[in-house]
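Straight from Swiss-Prot, the features:
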TRANSMEM  9-29  transmembrane segment
TRANSMEM  89-109  transmembrane segment
TRANSMEM  125-145  transmembrane segment
TRANSMEM  185-205  transmembrane segment
TRANSMEM  221-241  transmembrane segment
TRANSMEM  280-300  transmembrane segment
TRANSMEM  327-347  transmembrane segment
TRANSMEM  354-374  transmembrane segment
TRANSMEM  396-416  transmembrane segment
TRANSMEM  425-445  transmembrane segment
TRANSMEM  608-628  transmembrane segment
TRANSMEM  723-743  transmembrane segment
Amino acid sequence: MEHTYQYSWIIPFIPLPVPILLGVGLLLFPTATKNLRRMWTFLSIFLLSIVMIFALYLSIQQIILSCIHQNVWSWTINNEFSFEFGYFIDPLTSIMSILITTVGILVLIYSDNYMSHDQGYLRFFAYMGFFNTSMLGLVTSSNLIQVYFFWELVGMCSYLLIGFWFTRPIAANACQKAFVTNRVGDFGLLLGILGLYWITGSFEFQDLFEIFNNLILNNRVNFLFLTLCAFLLFVGPIAKSAQFPLHVWLPDAMEGPTPISALIHAATMVAAGIFLVARLLPLFIVIPSIMYIISLIGIITVLLGATLALAQKDIKRGLAYSTMSQLGYMMLALGMGSYRSALFHLITHAYSKALLFLGSGSIIHSMEAIVGYSPDKSQNMILMGGLTKHVPITKTAFLVGTLSLCGIPPLACFWSKDEILNDSLLFSPIFAIIACSTAGLTAFYMFRIYLLTFEGHLNTYFINYSGKKSSSFYSISLWGKEEEKKLNRNFGLVPLLTMNNTKRASFFYKKTYKISNNVRNQTFITVENFGLNTRTFYYPQESDNTILFPMLVLLLFTLFIGAIGIPFNQEGIDFDILSKLFTPSINLLHKNSQSFVDWYEFLRNATFSVSIAFFGIFIAYCLYKPFYSSLLNLTLLNSFQKWNSKRIRWEKLINFVYNWSYNRGYIDAFFKTSLIESIRRLAKLTNFFDKRIIDGITNGVGITSFFVGEVTKYIGGSRVSSYLFLYLSYVLIFLTILFFFYFEKF
């Protein structure tokens, strides 16, 4: 066992050779590196699988022995200061390592097909490998300096992947927005780390916690300053985990490739903030005001994320706000001291949300055959509908993920969310009411996404025949740059069409190639009753096996991962594996833990939350069930208008909620007006002051000296008599002025 821990330091570095070799290969041997690109994918998956096996073994050992292992090396810089670095293996490290590697492997397999036609394929896998390395380094760090180093690397990889298609202005802006927003959090985290070191003199977690607790117990430190340092530490996770008010970057991060959205939202960047709060919880828990702030930020984020998801039309943005809300649940649980519940929900949500994002990627992939390679269209749920019969496997996987996030038993998120709701009732009735209400909203907006996407009829062609003038068609090149394409009107909106029944137009290549008999025999539909020209339409198809396989594995995780934390005992049998794993931490932190004694108590506590979820699903079904006659019924507002045309006040309320949600709560607009515009005005004022005042004075002195010199030169004419005349004139003027001043005094 000790021998195993001795080599645990290598965990973060196992995936690192792939990005290094890819970088060197693309610089020195670009052709050979590109020709072997599938080999790099296999190597990435293989190395990450080794880390997964290692993490599983460590977790099993910790369940058996309930131990924490730390190994530190010291680097002495001088006699007064030495830097210590090492690795820290505890249950939190093990569970996070398993989460990162399992989701990471499945996303890599998925990406091999999803990104196969992209020119940045190798660059993508290099970033992914470095991303996994950074996150593994973060969770195994033994001190705050290492945490901050890998924290920044995780952020850097996220920015690179969010702006992966950097030639698209909207993706570049999203990358910049994520960078600037997280700078605020990272600066706060750095100040908090420095403040804690100034107080305790240590960066090591175990030493830091012990010294910190002793200082508070003995009242040997300014408590206000201590609270400020703890709050600054928390500012970092606020930004990284998209908590209010630094959440604004998360929806825009959907401009990156869909596999990255799955990884960021499930197991890497946003999970990093939750991990850090969990790691530092022994420090936060001794400051009640900080714990209350954490729970308050969490409950605000829970409600805000749910309300902002209500009216989103982009499927990925809807899931992004869902992630924001679920992260709020985790932060709420940590603020209440419910350590186990928070991490349990982190695990269950990670697999469910990864399944949903990979499912959305499969949907987007199939929609691109209809609307072209344009995110504004392929991700727009208003253009979807009726996909059940076209992508049945994707539909099943997406439905399971949706039900899990809604909190329907026995799926994964039911077990963890129910614990958080019960703990919130013990913590604060107001928080419990908000948390339970948001559970209903979660079920509502998740089923809204499902119904708009899979139920009814495919709406793409009907919108084009709605009588409205269609906007110009845009496609995206392999690097993501928007380019306007002129379409032959006989082709409609189908970029993948048959040509003479023997050739097919490919989006990714200019050349044409023969299509197979299977494709030639596929069902097409001809619409003749719109008073327009007869057109042939192409319908979505199920994705390839390499896209479906990770989804099916995640589906199994979503079905069964909740079993590790079943919170009740029956006839002496303890089903709660998660509590056994977290035993050392729970003994210190989890004050609200109350294991359910039997089935009756468990059912009594679960019935209420499940009832709320089913109520949200019922409302969503009533409002968004398919209305084939008009696409206008697909919006929340118009559905209420159909049912409540005479209730003007109710319509105004619904209209307000819809506008609030669709416009992101006007928070982005507020930041733009109050911060961005103010900074721009300040920059313009500074520019004016610098150019007109500072430069004006400097240039004015220079110009004045120049003109005086020129005048003197021309008056003097280089003759001694002229110089004497000027000299005597100056003396006379000086004496005259002196004479007048002298006589004025008398």
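Backbone N, Cα and C atoms are what each Cβ position is placed from, and that goes for glycine too.
With a cut-off of 8 Å between Cβ atoms, the residues of this chain six or more beyond the transmembrane segment (425-445) that come close are 295, 299, 302-303, 306-307, 309-310, 318, 321-322, 325-326, 329, 332, 336, 405-407, 417, 592, 594, 608-609, 612-617, 619-620.
Counting Cβ pairs under 8 Å that are 6 or more residues apart, the transmembrane segment (354-374) and the transmembrane segment (221-241) reach fewer than 3 and are not in contact. For the transmembrane segment (89-109), the neighbouring stretch richest in Cβ pairs under 8 Å, chosen from 125-145, 221-241, 280-300, 327-347, is 125-145. Tertiary neighbourhood of the transmembrane segment (221-241): same-chain residues 151, 154-155, 181-182, 184-189, 191-193, 195-196, 199, 212, 215, 249, 269-274, 276-277, 280, 283-284, 287, 289-290, 293-294, 297, 327, 330-331, selected by CB-CB distance under 8 Å and a gap of 6+ residues from either end.
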